[in-house]
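Heads up, the thing below is written out as structure tokens.
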2 protein chains.
Amino acid sequence: MPASSPASSVSSSSRQSAPHVAIVGATGAVGEEFLRVLKQRNFPIGKLTLLASARSAGKTLKFGDDEITCEELTEDSFKGVDLALFSAGGSISKKLGPAAVDAGAVVVDNSSAFRMTQGVPLVVPEVNPGAIAEANIGLGSDNVAGIIANPNCSTIIMLVAINPLHQAVPVKRMIVSTYQAASGAGAAAMRELEQQTREALEGEVTTKDIFPFQYAFNLFSHNSPMQPNGYNQEELKMVHETHKILGQVEDADKMAVSATCIRVPVMRAHAESINLTFDGTMTEDQARDLIAAAPGVSLIDDRDNNRFPTPLDAQHQDDCYVGRIRRDLSQPEGVGLDLFVCGDQVRKGAALNAVQIAELLVK
Amino acid sequence: MPASSPASSVSSSSRQSAPHVAIVGATGAVGEEFLRVLKQRNFPIGKLTLLASARSAGKTLKFGDDEITCEELTEDSFKGVDLALFSAGGSISKKLGPAAVDAGAVVVDNSSAFRMTQGVPLVVPEVNPGAIAEANIGLGSDNVAGIIANPNCSTIIMLVAINPLHQAVPVKRMIVSTYQAASGAGAAAMRELEQQTREALEGEVTTKDIFPFQYAFNLFSHNSPMQPNGYNQEELKMVHETHKILGQVEDADKMAVSATCIRVPVMRAHAESINLTFDGTMTEDQARDLIAAAPGVSLIDDRDNNRFPTPLDAQHQDDCYVGRIRRDLSQPEGVGLDLFVCGDQVRKGAALNAVQIAELLVK
């Protein structure tokens, strides 16, 4: 679909091999980011279908210079679709993901619905691109339908940062505390943070629709459901998805992980404080060199100027930013490191990672 | 000084034994909290002198129903003063703390100037009250001048929470990530956060006077000076002050501590995510019982309702709040725990802790 094509409810292309792409949940924060990322990366698109709830159907969204009208998502939405990018929550993925596959589509699913399902690849392209080939899923001439899961946002950001180190010297144990943005709870949560902040500044009672607590000038334990072991679902995703992505599910000595997930009043980039214990020696300099050379991450680690990653640095960026790389004082020298990571939750944490998966499928 | 006494620049009391108290830095965030805490706790005061910079001298502050006029702080301000509560920064404490002691006063110092000085007690009343008696400093009939240091705010909040556990089963290793409020950088930083937030909501460029980065809807590595080992001063305070308060300075096997200090856009209560490794067995239930029974801390640990401590819970409260107490999944059962603490930085992190020290001196 050339950028100069006239506006149409469903764009069509003259390119024979470019896939028909559908975005499920197009009007959400991640859905709109899909449009930006696909356009910026010039992803090959033969036809683009935007799918949304009945409430949002008829709304038009920009795709470059085009305006595309959203259609209502139904079981019949996937006829002729080659690639369906799902970001409309777990229950819709569970209900309609298999329907899309039955219609012949490859599904890249942003929800947690299929992440831990055996046989469904869970992919961070910088970490485990091979998982797609293993699953025999592909677009184009060797088009094979199937579901690929996009990992949890906090997990993606963490693994892009630590994988270069882990590949050099295995990480034995990881303790992570997150500083998570509003966007992880969707566009409505971002609006709630903004509205509450206005109210708080005026000394008014804050409106609480999305979260049961005040979010403005406050922070709280992640709102995902609490599990019997005292961890919330978000925290356990960071544990279990890490093992799956790193191919350690069957390992007796898989990476020991403990996570504490906290929401902070930041709009759309997550931060994470990570403590690592290595099964061998890893120095600060080695870690810095490995991260500087790795794809998907950039260093902001300037001690002289006290300049380290912040969520605003990461906002709207493809790369995750890593800094505060230093020897863990609580362990013998060379055994442990602390570091701090920031990554855009909507972008690398969701839309970009899914599009990168799709790019691997097209290759 | 009865609450009904007429307004005066220096209040005087009829009680013979009540000490003459001076507040150094009375117009700051902690200085004003001193006034609230002293009044609320009905601290015995024979005379109250408020000391501030030349710029703030002449300003009046409320103490209950009284209005007291601030005097300019000089070397001669401490004549007749029994107790001087310092909160005007390290350089003023270094310069005038010894002058106050020479004039016969007991100094409780909120700055870091003397915290690590040998012979100066560093006290969290719930943790190491005995350190004062050891130093032979006291008010009243056995008035012995000297300096007592009030610990770093993050350290106080952390130790009030973990000490009940540590006393039962020693903590071998502690990894802490902080979520620190604006108040730790003073009243001007709180105003900057408010102003920047207003500007950010209007889409304007944010005014940066106190911090070099945008604070509104952002977070950043603590602004204290970076040290050669890659830790900032705030983080090293949490390490070294912990050892001093717990009486482990000389211990070969002192508690291993690593800290990551981050400022978040919250006004006046700090939060901390803490991972503990015990030298023995400590279960979740045991930890919960110990904290429930300990002074200075309260539990908010309601898994069924996903209700855990937030900075707004802790704001203006004496107690620090502890929750998210759970087995550390990354260690064998019973060896490690994760928990989350919130405490008012201005109150327990500064003014209240200092007044509690003064109460020990009066006893």
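Every residue gets a Cβ built from N, Cα and C, even glycine.
Secondary structure at A:C153 (active site, acyl-thioester intermediate), as computed by DSSP, is helix. Taking a C-beta cut-off of under 8 angstroms and a sequence separation of 6 or more, A:C153 (active site, acyl-thioester intermediate) has the following same-chain neighbours: A:G184, A:H270, A:G343, A:Q345, A:G349, A:A350. Per TrEMBL, active site, acyl-thioester intermediate is recorded for A:C153.
Sequence annotations record features per position, and here TrEMBL assigns active site, proton acceptor to A:H270. Its Cβ placed at the centre, A:H270 (active site, proton acceptor) has 30 other Cβ atoms within 10 Å.
As annotated by TrEMBL, phosphate binding site applies to A:R115. Under 8 Å, Cβ to Cβ, and six or more positions away along its own chain, A:R115 (phosphate binding site) finds A:L122, A:A149, A:P151, A:N152, A:K237, A:E241, A:K244. In the three-state DSSP scheme, A:R115 (phosphate binding site) falls into the coil class.
The DSSP secondary structure for A:Q180 (substrate binding site) is strand. Residues near A:Q180 (substrate binding site) in space but far in sequence (CB under 8 A, at least 6 apart, same chain), listed by position: A:S154, A:H222, A:E234, A:C261, A:I262, A:R263, A:V264, A:V266, A:H270, A:Q345. Look at TrEMBL and you will find A:Q180, A:R263 tagged as substrate binding site.
What TrEMBL records for A:20-135 is domain 'Semialdehyde dehydrogenase NAD-binding'. Under DSSP, the residues of the domain 'Semialdehyde dehydrogenase NAD-binding' (A:20-135) split into helix, strand and coil as follows: 35 helix, 30 strand, 51 coil.
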Review point. For A:R263 (substrate binding site), what is the tally of other C-beta atoms lying within 10 angstroms of its C-beta?
Key: 26
Review point. In this predicted model, what is the average pLDDT of the domain 'Semialdehyde dehydrogenase NAD-binding' (A:20-135)?
Key: 97
